[in-house]
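Q: Positions annotated as 3-amino-2-oxopropyl phosphate binding site by Swiss-Prot, on the basis of sequence analysis: N10, R21, G194, G215, H216. The 1-deoxy-D-xylulose 5-phosphate binding site annotation in Swiss-Prot covers D12, H13, R48, H53, T103. The active site, proton acceptor annotation in Swiss-Prot covers H46, E73. According to Swiss-Prot, the feature site 'Transition state stabilizer' maps to E154. Among the features that Swiss-Prot reports, active site, proton donor is placed at H193.
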Amino acid sequence: MTKRIRLGVNIDHVATIRNARGGIHPDPVRAAQLAAHAGADGITTHLREDRRHISDDDLINLEKGITLPLNLEMAATEEMLEIALQHRPHAVCLVPEKREEQTTEGGLDAAGQIDSLKPIVAKLLAAGIRVSLFIEPDETQIRAAKALNAPVIELHTGHYANSVNEELAAELIRIEQAAKLAKSLNIEVHAGHGLTYENVIPIAALEEIAELNIGHFLIGEAIFIGLEASIKRMRYLMDAARAEDKVDFLVKHIAL
């Protein structure tokens, strides 16, 4: 039987909406609790150096207010390392970060930063925190992750999400080959960035991928159909992608 794929829901943009006017509404913790009820397997949040959405207080409140595993995305800096070691989330995903970017634009250059990343990864692992690296689906980067003893990688699916036709097919093959390589090296494979109802099934169908992290699309879709419905439909599509008899699955389940 094909193993169920996990869904991590990123709640950053609940905080983005809150911060547009200030105050406390909408509450990221409440969103995380609703995500759990809707079928999420974990909660992901990115504490940026400029605190443009999630704040330090949000991180504290999430620790207290949720029961799902918390995956903290962060830059590989001493400040963020100190915060991670203080809070000890279930997992930390190291990501590249530029102050001028609207969102994460690409994968971490693990191969070019081995010397600086190695002590950060080692300290996080020593604290019992699962470490992942957000990287491009590239052999050099995957082998660098292995050299850093990172137990998990998250493959950047942004280029796939922005592609069409032949380029889309090529990006999917690239992701599949990267996932197979990582699994052969005993690295757990996650994926995320730009995934939607329209493009998630081919990625979720890749058996080597254990988890997808999805945020912006789910929060945007929630404006129209509600957060729980938004997440439940994504969960449904991911399950459909992993069903051994996809036709039978679709017949037995009512599409949301």
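Here the Cβ of each residue, glycine as well, is placed from N, Cα and C on the backbone.
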Q: Name the secondary structure element type, per DSSP in three states, that contains E154 (site 'Transition state stabilizer').
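A: Going by the DSSP assignment, E154 (site 'Transition state stabilizer') falls within a strand, counted as strand.
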Q: So which recorded positions are near G215 (3-amino-2-oxopropyl phosphate binding site), with CA atoms within 10 Å, out of H13, R48, H53, E73, E154?
A: H13
Q: Using a 10 Å cut-off on CB atoms, tell me which of the recorded positions D12, E73, E154 is the least crowded.
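A: Output over recorded positions D12, E73, E154: least Cβ neighbours within 10 Å is D12.
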Q: Around the C-beta of H53 (1-deoxy-D-xylulose 5-phosphate binding site), how many further C-beta atoms are within 10 angstroms, looking at every protein chain?
A: 20
Q: How long is the line from the C-alpha of H13 (1-deoxy-D-xylulose 5-phosphate binding site) to the C-alpha of E73 (active site, proton acceptor), rounded to the nearest angstrom?
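A: Taking the Cα atoms only, H13 (1-deoxy-D-xylulose 5-phosphate binding site) lies 14 Å from E73 (active site, proton acceptor).
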Q: Quick one: of R48, H53, H193, G194, H216, which recorded positions lie within 10 angstroms of E73 (active site, proton acceptor), measuring between C-alpha atoms? Sequence order, please.
A: R48
Q: For the recorded positions H13, R21, H46, R48, work out the Cβ neighbour count at 10 Å and name the residue with the minimum.
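A: Selected from the recorded positions H13, R21, H46, R48 on minimum Cβ neighbours within 10 Å: R21.
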Q: Need one number for the 3-amino-2-oxopropyl phosphate-binding residues N10, R21, G194, G215, H216: the maximum pairwise CA distance in Å, whole number please.
A: 26
Q: Given the recorded positions D12, R21, H46, R48, H53, H216, which lie close to the residue listed as 'active site, proton donor', meaning Cα to Cα within 10 A?
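A: Among D12, R21, H46, R48, H53, H216, the ones whose Cα sits within 10 Å of that of the residue listed as 'active site, proton donor' are H216.
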Q: For the recorded positions H193, H216, work out the Cβ neighbour count at 10 Å and name the residue with the minimum.
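A: Per-residue Cβ counts within 10 Å for the recorded positions H193, H216 bottom out at H216.
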Q: Measure from the CA atom of G194 (3-amino-2-oxopropyl phosphate binding site) to the CA atom of E154 (site 'Transition state stabilizer') and give the result in Å, rounded to a whole number.
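A: E154 (site 'Transition state stabilizer') and G194 (3-amino-2-oxopropyl phosphate binding site) have their Cα atoms 13 Å apart.
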Q: How many neighbouring Cβ atoms, not counting its own, are there within 10 Å of the Cβ of G194 (3-amino-2-oxopropyl phosphate binding site)?
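A: A count of 18.
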Q: So, in DSSP terms, is H216 (3-amino-2-oxopropyl phosphate binding site) helix, strand, or coil?
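A: Where H216 (3-amino-2-oxopropyl phosphate binding site) sits, the three-state DSSP reduction gives helix.
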